[in-house]
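Now, the feature entries from TrEMBL:
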- 10-223: domain 'YjeF N-terminal' (DOMAIN)
- 62-66, 132-138, D166, A265, G320, H364, D436: (6S)-NADPHX binding site (BINDING)
- N63, D128, S169: K(+) binding site (BINDING)
- 230-501: domain 'YjeF C-terminal' (DOMAIN)
- K406, G407, W408, A409, T410, G435: AMP binding site (BINDING)
Amino acid sequence: MIRAYTGTAVRRSEAPLLAAGRGGELMQRAAYGLYAAAAASLTARRGRIYGSSVTVLAGSGNNGGDALYAAARLARRGAAATAVLTSAAAHPEALAAFRAQGGKTLALTESNAAAVSGAALAADAVLDGVLGTGGSGGLRGPARILAEALNTARLQGKAPLVVACDLPSGVDADSGRVAGTCLQADLTVTFGAVKTGLLAGPGAAAAGEIRCIDIGLGPHLGTPDAYRLQAEDLAGLLPVPTPADQKYSRGVLGVAAGSETYPGAALMAAGAALATGVGMLRYLGPATVARLINLAHPEAVCSSDAVADIHVQAWVAGPGAGKDEDQRRRARDAMASGLPAVIDADAIGVVAPGLHPAVILTPHAGELTALLRSLGEDADRAEIEADPIRYARLAAARTGATVLLKGWATLAAAPTGELYSQAEATPWLATAGSGDTLSGILGALLATDRTPDSERGPGHYARLAAAAAHLHGRAGTLAAADGPVQPSLLEPRIRAIVANLTKQSHRKFK
Ligand SMILES: NC(=O)C1=CN([C@@H]2O[C@H](COP(=O)(O)OP(=O)(O)OC[C@H]3O[C@@H](n4cnc5c(N)ncnc54)[C@H](O)[C@@H]3O)[C@@H](O)[C@H]2O)[C@@H](O)CC1
Ligand SMILES: [K+]
């Protein structure tokens, strides 16, 4: 599990070490970690460090200091290193160390920004040390011109390797907000702890691969601000039947999805739930959709009953419900049932406050905007996309439900503030039907959840939602290897990942 902290919390935890005169030691650890990661990436790209060209962008603070020390080490291994000083001041000792290894320096100005950008684009690697946790607001002035040139080249596939020092310059380390421009990276080498701003919003999209260097802050860090589940965290959350199980004890999922207008959503939600593994799936909806469900998934038990008429462990309601009043009523009843429930798509429109954390709302940014407005909050979509953590937490607190906010990094927020961010998905998953499969996966995890009550902390349902996002993202990424992703074809991938994560052993017969 990745534990993330705000930039503010990391700075607070560094304070006692700085007061004890250990700032230089921390900086050397950070710089060495940055150097080693940059050296490995550079070697992977061009075979060796010797003879490569490296541009280091150095701001006035310690972030620039880290980057200059790291570049000095690359210069010592034979890289031709140039420091672009983005401010009138630079970390004096680090600059001296860089020059001592033969590094050249030049001051960035408005008038030379275009020429310097051209030179930076021609380098093999750029180390971004303009701003770190001490930065406020996006990049400004000539640093902004340089960043925009590099970002544009990236879109054209012509950018050098960009390695961000601690965080991409211009990203807010607490939230992932970018006010204006930040420099997009291939790799972010972050120090002491992963910053929350690398896991959400524009910051997550800018960070590329994230590597964390331990600089010895451990005991000072306190409670994390956010988490990211790794594959090894999922095993205990996935349904594995025991020999003592029967279909009911494994977990029954009720799916009230689809309508005459949108039958496909019900097929995809049901298929994904079955692929994740449930004891039984009970479908409630129009007879025409039920017939399609039974043709695609003969094991599903279908009816047009009301929610109160059937016995299940969890619900999925909303995908493809459209304007179907019966399905909307089932969604309201599922929310009121006291059982865990995934409330997706059209059903999010019938949400009212007073829910409990086992109700998981799964909006995208547009649906979250409408939900928050219906609750009297002043929200617009662009603002939610700029600062998704804030709004996911706000919606959870206002409704009492857990909120799974879908996006490039998908966030799961508990009403008490616990937060998970998952980024396994491929952009190919941004396609109609994707949310329906995610609902089905999450519904299956809720229906088969065996976590003892004593171990269900306040963030339990956010964790399950994050596990579903992880599974869904990985299934999509696997499928994308064969071309554009069709959510209706994800089922074999989901099944394969569940098998792999639970290390299912199959009896062999002779
Ligand atoms: N404090 C510590 O113990 C350690 C800090 N480390 C590094 O130090 C960084 C934090 O260093 P600092 O506190 O010096 O801060 P930064 O290096 O992040 O930069 C802050 C400086 O930039 C200026 N600035 C702020 N926003 C700006 C903007 N939008 N445009 C232009 N200039 C702007 C500020 O006036 C300030 O001088 C971390 O990110 C990390 O890289 C590491 O060396 C590890 C140890
Ligand atoms: K940086």
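Cβ coordinates are placed from backbone N, Cα and C, and glycine is handled just like the others.
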Checking the contact step here: among the binding-site residues K406, W408, A409, G435, which have a Cα within 10 Å of the Cα of T133 ((6S)-NADPHX binding site)?
none
Relative to the Cα of A409 (AMP binding site), which of the binding-site residues G65, D128, S169 has the closest Cα?
S169
Sort the binding-site residues G65, H364, G407, T410, G435 by C-alpha distance from S169 (K(+) binding site) and give me just the closest.
G65
Would you mind sorting out which of N62, G65, D128, S136, D166, H364 (the binding-site residues) have a C-alpha within 10 A of the one on G407 (AMP binding site)?
H364
Out of N63, D128, K406, T410, G435, give those binding-site residues positioned within 10 angstroms of H364 ((6S)-NADPHX binding site), comparing C-alpha atoms, in sequence order.
K406, T410, G435
At a 10 Å cut-off from the C-beta of D166 ((6S)-NADPHX binding site), count the other C-beta atoms across all protein chains.
30
Using N63 (K(+) binding site) as the reference point, find which of the binding-site residues S136, K406, W408, G435 has the shortest Cα-to-Cα distance to it.
S136
Under 8 Å by Cβ from G65 ((6S)-NADPHX binding site), counting only residues of that chain that are 6 or more apart:
M27, A31, A58, A90, H91, E93, A94, G129
Ligand 2: which of the binding-site residues N62, D128, T133, K406, G407 have a Cβ closer than 6 angstroms to it?
D128
Taking DSSP as the reference, which of helix, strand or coil describes H364 ((6S)-NADPHX binding site)?
strand
Other residues with Cβ within 8 Å of the Cβ centroid of K406, G407, W408, A409, T410, G435 at the AMP site?
H364, L405, L411, A425, A469
Are there any residues at least 6 positions away along the chain from N62 ((6S)-NADPHX binding site) with a Cβ closer than 8 Å to its Cβ? List them or say none.
G23, M27, H91, G132, G134
Using C-alpha positions only, work out which of the binding-site residues D128, S136, D166 is nearest to G435 (AMP binding site).
D166
